[in-house]
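Here's what TrEMBL has on this protein:
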TRANSMEM  6-24  transmembrane segment
TRANSMEM  31-50  transmembrane segment
TRANSMEM  56-77  transmembrane segment
TRANSMEM  114-135  transmembrane segment
TRANSMEM  193-213  transmembrane segment
TRANSMEM  225-242  transmembrane segment
TRANSMEM  248-265  transmembrane segment
TRANSMEM  272-305  transmembrane segment
TRANSMEM  317-338  transmembrane segment
TRANSMEM  435-459  transmembrane segment
TRANSMEM  471-489  transmembrane segment
TRANSMEM  522-544  transmembrane segment
Amino acid sequence: MGYIYFILFLSFILLNLKISSKISTNNFSEIIITGFLIYSTSLSISGYILSFIGLWYSPILWGVLPFFIALIIYQFFKNFEFIENHKSTFKLLGGNIQKISEEVKESSFFHKRFFQILFFFVFSVFLCLLTSYFVNPPNEWDSMTGHLNRILYFIQNGNTKHFIGTNWNIDTYPKSFPNQQVYPFLLHEKSEIWFKFQNFSSYIITGFAFYGICKRLGYTFKTRLIVSCIYLLIPISLIQSTTTDSDIVLACYLSILVYYLISYFDQFEKRYILLGSIVFSIALAHKITFVFSFPPLFILYSYFIYKKRSERPLRHFKYIIITNFISLLIIVAPCGYLSNMVNYGHPIGPKTATQHQSIERAGDLGNLFKQGSRNTIRYTSDLFNLDGLRNIPAFERINNLCQEPFKFLDQYFHLGLVSETNFTILPFEFGRRDLFANGTPIVGIISIIFLLSIFLLIFSKKINNRGVLSILFFAFILHFLALSFTAAYDPWKGRYMQSSFIYLLPITGVLFEKMLQTKNRIFQYSSLGFIFLVGLSAFFTISLHRRALLFDYYGQKSIFNLNRIEALTISRPDITKSYLNFEKIVPKNAKVALGTLNDDYEYPLWGNEFTRKLTPINPFEKGIQAIPEGTDYLFFSSEVIKPQKGDILLDTKKVNCDSLLTVKAGNYYLRKLK
């Protein structure tokens, strides 16, 4: 069946591209991003249906049902917007490759060297990403406790209905993303590397979206290529492309939405309203943090209406209402927010979650303004770190110099950036600890490109589309402020900024247009040196990432020298021995009760073939529950259940790794029940 499932998987992707080519303009980047949108939407809706009938675990139904959903979407667009004279996707691809080749061949010496360096690093980094994708299992903290763990519970239960696990996000996070993750997993015979497919695809698709946005903004072909490639070299995008974190996928949806929004007001074709409504709903169903983009998107939309007021921009308003209503009903309503309202009285989840991670923690408005202002400076400081390059000790001194202006501001104005901790998840530190800089780098040296581009936008006299670019910059500021004011400071939160950069990155085209036009030799050679550093930053980011080392480094083994449990627990080496012993003792088909805590890893306990049956008996904020009849083993932390005579202590000697951890493991025990 493995070959049949793979053929179904590949055929479904090709079907989406075929449908996309018939409802998109003859624009390669638009076909690619629209095909991805149809793919994601079809999977989300299919998952809701399979969950409703209790067959969410069935690879056969997953292999067939999405085809029908995609064809329904095709019929919907056929009735509204259909392009008869569409071109083949592969023909358009060939044309674009030929154009790149011709442009580079006809370029000046400076342009050729610039693109050679840029393409070399993009290609090298892509090879590193592919290696990490296929060799390293998904092993980020949140996935081990909640995101992937809950997918296996959903498979075990046959549905995604209300289910309280040990970690709060098992039940409370939206259910749209698991539908997209489980599809390639089941159709590749439960190979866990395919959990990462949606993230890896999002990384590539966002690059195409930026190309399309830049084309609509009127940038030259070369500038579009550069902006797209710069995105592909951003450290946080690289890291998340081979993980199962949700933020890069949300950023991808947002980039597609911005493309459709700009395209609609450029072309006034209602297909962009229909597509925009769908991507808006799929983004909202993906993650609640999409609401941070509501104000920026409103500002963008209002600006376009004002600029195009003479062309009656609201004449398609009825389509906006109808398609948004339908897509919200079909895509957002079943995703889990309503279930959270019923079970917890809040769309996010239990009170513990809202107070820990949301605006309610700040208290009154006066304190919110004070703490949010601090967070704005803290996150700005985090942006100006040489992430990626810092993995090489020689760059650490330069990184410290980048932080000096922020230290001066803190000391001179008594801002309390470090000393005040009542609106922080973890305390702020100048320069970010290696744990955070390596684990969730942000943009690194690319922050300088952003800074120079903003400077040019403000002070340069000749800028095409200054109005749109200024509104995009304002949208970035609004999104950045939303991150700062709506929740406590978190050094891991750099990953959320991927959505902020969707508004900011198109502005860099201003800088690259100037760079390509300059005849100044000093500026040209400086540009070559700088783009080399950008590429080097990207290479070090992915090759020296602690969770997926491509070489032995930091005194750690590379991913080629780790077994599965060692790779899964790489972020928590103090639990590795316990989980290795669990794997040795417990049979693959055993039924295991779990007496674990919110931050304990449960995903590795399913086994490499995912054949164990797990039952959490310490569900979040519900207290200890009875062990189900027929259970073979009890795996528990001594912080949850008191050990008794005969229990097996799984690790008698803990590894000292305090600098790598934010949460320390307890003592894990195994009790044989029958």
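Cβ from N, Cα, C; glycine included.
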Does the transmembrane segment (435-459) reach the transmembrane segment (522-544) with at least 3 CB pairs under 8 A, where each pair is 6 or more residues apart?
-> yes
Contact yes or no, the transmembrane segment (31-50) and the transmembrane segment (272-305), 3+ Cβ pairs under 8 Å, gap 6+ | yes
Please give the sequence-distant neighbours of the transmembrane segment (56-77): residues at least 6 beyond its ends with Cβ less than 8 Å from one of its Cβ atoms.
-> 1, 4-5, 8-9, 11-12, 15-16, 19, 22-23, 38-39, 41-43, 45-47, 49-50, 154-160, 182-183, 186-187, 189, 271, 274
Top stretch among 114-135, 248-265, 317-338, 471-489, 522-544 for CB pairs under 8 A with the transmembrane segment (272-305)?
-> 248-265
Under 8 Å Cβ-Cβ from the transmembrane segment (114-135), and at least six residues away from its ends along the same chain, one finds 104, 107, 193, 196, 200, 203, 222, 225-226, 229, 232-233, 238, 241-242, 527-528, 531-532, 534-536, 538-539, 542-543, 545, 548, 550, 559-560
Using Cβ atoms only, state whether the transmembrane segment (193-213) and the transmembrane segment (6-24) have three or more pairs under 8 Å that are 6 or more apart in sequence.
-> no
Cβ contacts the transmembrane segment (225-242)/the transmembrane segment (522-544), at least three under 8 Å, sequence gap 6 or more | yes
Can you name the far-off residues of the same chain, 6+ from the ends of the transmembrane segment (471-489), with a Cβ under 8 Å from a Cβ of it?
-> 292-293, 295-297, 299-300, 303, 356-359, 361-362, 368, 371-376, 378-379, 423-426, 428, 454, 457, 496-497, 499-501, 503-504, 506-507
Using a Cβ cut-off of under 8 Å, list the residues of the same chain at least 6 residues beyond the transmembrane segment (522-544) that approach it.
-> 110, 113-114, 117-118, 120-122, 124-125, 128-129, 132, 230, 232-235, 238-239, 386-389, 391-392, 438, 441, 444-446, 448-449, 515, 550-551, 553-554
By a Cβ-Cβ criterion of under 8 Å, what residues six or more beyond either terminus of the transmembrane segment (248-265) are in contact with it?
-> 30, 33, 36-37, 40, 177, 180, 198-199, 202-203, 205-206, 209-210, 212-213, 216-217, 236-237, 240-241, 272-273, 275-276, 279-280, 282-283, 286-287, 289-290, 293, 297, 300-301, 304, 307-308, 313, 468, 495, 498-499, 501-503
